[in-house]
Amino acid sequence: MKVNLKLIIGSILISQAQAIWPFDSSGSSSSSDSSPSETGSSGGTFPFDLFGSGSSLTQSSSAQASSTKSTSDSASSTDSSLFSSSNSGSSWYQTFLDGDSGDQKTDYAPFNLTCPSKKTFIRTASELSQQEKDYIHKRQETTNKNLIDFLSKRANLSDFDAKSFINDNAPNHNITIGLSFSGGGYRAMLAGAGQILGLDGRYEDANKHGLGGLLDSSTYVVGLSGGNWLVGSLALNDWLSVGDIVNGKSTIWQLQDSILNPSGMRIDKTIAYYYGLAQAVQAKEDAGFQTSVTDTWGRALSYQFFEEDDSGTGGANITWSSIRNLSSFQDHSMPYPIVVANGRTPGTYIINENSTIFEISPYELGSWDPSLKSFSNIQYLGSSVNNGNPNNTDICVNNFDNAGFIMGTSSSLFNQILLQLDNYSINSIIKMILEKVLTDVSDEEYDIAVYEPNPFFGADSAGIKSITTNDTLYLCDGGEDLQNVPFYPLIQNKRGVDVIFAFDNSADTNSSWPNGTSIQETYKRQFSKQGKGTPFPFAPDYKTFLDKNMGDKPVFFGCNSSDLEDLVAWHENDKINVTDVPLVVYTSNTRMSYNSNFSTFKLSYSDQEKFGAIRNGFETVTRNNLTDDENWSTCVGCAIIRRQQERLGEEQSDECKKCFQEYCWTGGFKDAASVSSVSGISGLAAKTHTSGGTSSTTQQTSTTTGSSANGGSSSTGSSSSSKKKNGGDLVNGGVPSSIFLVFNSLLGLIIAYL
């Protein structure tokens, strides 16, 4: 904790420098701004005054923003010397240095209790856990009813009896829908917020002009990194609707000030904030547990993701497993939430397709991959075990699975900065310093989350013993293997997912738009030892993705299961049928009414930016409020029922065939991302369709240009030309924010050597 505390002290010092930093520390030169009240092609302002909803995003947020801003302004303008007059002459700084905790809480620390009578905490990953089975069984009683309603009213399929189709076939198979939200920092959280809002039947405008009811019909929801900030913060706030955030009923996601400097110029409040973080993490260390920067990062995130209570501890005592106790979970009104993270071996920087992918649910942490093939009870993380059996039945641990820590685990940023440093336009001398600092930080493993004791120590089902012989389990950002859209939990055959709605808000190009890398990498992974047994539809490489403008509108992958016969056969698992491979409905972040291509490392957002990104996300998933395609909801209905129709041998309707002609990518092995090095796969080239056709090629590209609100350089919102030019380059924005993160570490390291 000594170095960790010094890093925090460094953060305090450097956070104050933001006031005089010569660049925009909250913005990205790769993102263009436009007002959220700006009229898009749909006309009207979000949320849809045009349609008579009687509410305006600008209006609904203005009171809240004004209240927040007045507090912030008064805090920053009352005393130009950075100190509140109430603290004048006081020894707040001495209190900090002396370590007087005042009334700060330490609920973050895990604590001991007697072990439960069940003596083993791990199981082999051969089936779903009984708890998940029970939840899904009850959840699908609800989703079936909601899906009947969605297909009948929203999709309005012709000559289709939704009630009999769903109910008559339920004894054999319930249609299972999974939602997958990509990583990408606050950009992904906010764009994803608009996308999930467009599916939410609790939000009236989604029912009138979107896909309202689809969220209510979904069985699973998965998030990674920034996408998990979305999923986690909604789930842990008792399945909060984004509509309540938009309308000011909830005060979470206050992003006006950077997470590094949430109190603006009030250095006394900043000191108290960082001291609270330090004290919480120190309490965990004092309890005998190793900590890392992820602990501090997770605690900081919690202040933004949870409503403040009287204790003022910012969710310090909220655990991931406590989702089980929420009313929306107990009545099965929320989809089953899952987080994705990666295993990261200490000393490594690059995580390839053979990495171990972990998933975290309200009940378990573990991996289906053959390298581990085990799951552990998340409630007892931190307990010392051997093959899941407590080493001391009198002492088990609770509270290790802090919600902020779990969300921080899935979004560690430091290794990402190191991996992408060459893509930043930084002065060579500064770059040399940063490389040295980042190497030192990475060498000390500050960029990962530390799970010690290792919950899988001695696990006998693991294929790679190095995971189970180490006292510590190391996890990191779920997108570091380039699978930034978390498909992994949803392609496990045991879950029986029919269709995945994937929302890609990645920053693959220099302009911070997606280029299909995520879906390409998941497709390729199935041909590795780790991925064998998880068939995934053919997917194009990023060049094809850009050439065909596939980011401009949704694309369906794996439309016809008959095209996947040889692909499934390659997996050599007779328990997997072609209809078990989910159809993927892929939606990319693209400009509709707002340039939401912010840097991943942008750490503060004005209300204009926040609500502009949410609005734009809503429009991407609803095809611009159904104005770009009035039949979009019908086509979504066709995608949902496709696999069940194929199981039953039912012919697709003419209207669904028309939808598939419009949205399906029909490329086969020859058109897909290259996997030429994979043994035994070459025969597929001659056996699959090679048209690669999709009418996405005819979609006009958006080339609206917006200017940055802060007077910085502007960039085009094009989803085609700019992406083609940039190809597969990594994000090149947000340098100031990244530098602040790096300088936090730099100052901490300097202090460490004093």
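Any Cβ shown, glycine's included, is placed from N, Cα and C.
Listed features, source Swiss-Prot:
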type	residues	note
SIGNAL	1-19	signal peptide
COMPBIAS	25-40	compositional bias 'Low complexity'
REGION	25-88	region 'Disordered'
COMPBIAS	50-88	compositional bias 'Low complexity'
CARBOHYD	Asn112	N-linked glycosylation site
DOMAIN	114-670	domain 'PLA2c'
CARBOHYD	Asn156	N-linked glycosylation site
CARBOHYD	Asn174	N-linked glycosylation site
CARBOHYD	Asn317	N-linked glycosylation site
CARBOHYD	Asn354	N-linked glycosylation site
CARBOHYD	Asn391	N-linked glycosylation site
CARBOHYD	Asn510	N-linked glycosylation site
CARBOHYD	Asn515	N-linked glycosylation site
CARBOHYD	Asn560	N-linked glycosylation site
CARBOHYD	Asn577	N-linked glycosylation site
CARBOHYD	Asn597	N-linked glycosylation site
CARBOHYD	Asn631	N-linked glycosylation site
COMPBIAS	687-721	compositional bias 'Low complexity'
REGION	687-727	region 'Disordered'
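Projection of Swiss-Prot feature records onto the structure.
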residue : record                      : contacts (Cβ under 8 Å, 6+ apart)
Asn156  : N-linked glycosylation site : Ser633, Thr634, Gly637
Asn174  : N-linked glycosylation site : Gln140, Thr143, Asn144, Thr219, Gly496
Asn354  : N-linked glycosylation site : Ser371, Ser528, Lys529, Gln530
Asn391  : N-linked glycosylation site : Ser384, Val385
Asn560  : N-linked glycosylation site : Glu646, Thr666
Asn577  : N-linked glycosylation site : Val568
Asn631  : N-linked glycosylation site : Glu655, Cys659
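Taking the Cα of Asn597 (N-linked glycosylation site) as the reference point, the closest of the glycosylation sites Asn112, Asn317, Asn510 is Asn510. When the neighbouring Cβ atoms lying within 10 Å are counted for each of the glycosylation sites (Asn112, Asn317, Asn510, Asn515, Asn597), the highest count belongs to Asn597. Of all the glycosylation sites in the list Asn112, Asn510, Asn515, the shortest Cα-Cα distance to Asn317 (N-linked glycosylation site) is found for Asn112. A Cα-Cα distance of 48 Å separates Asn510 (N-linked glycosylation site) from Asn112 (N-linked glycosylation site). Between the alpha carbons (Cα) of Asn112 (N-linked glycosylation site) and Asn515 (N-linked glycosylation site) lies a span of roughly 47 Å. In the three-state DSSP scheme, Asn112 (N-linked glycosylation site) falls into the strand class.
In the three-state DSSP scheme, Asn510 (N-linked glycosylation site) falls into the coil class.
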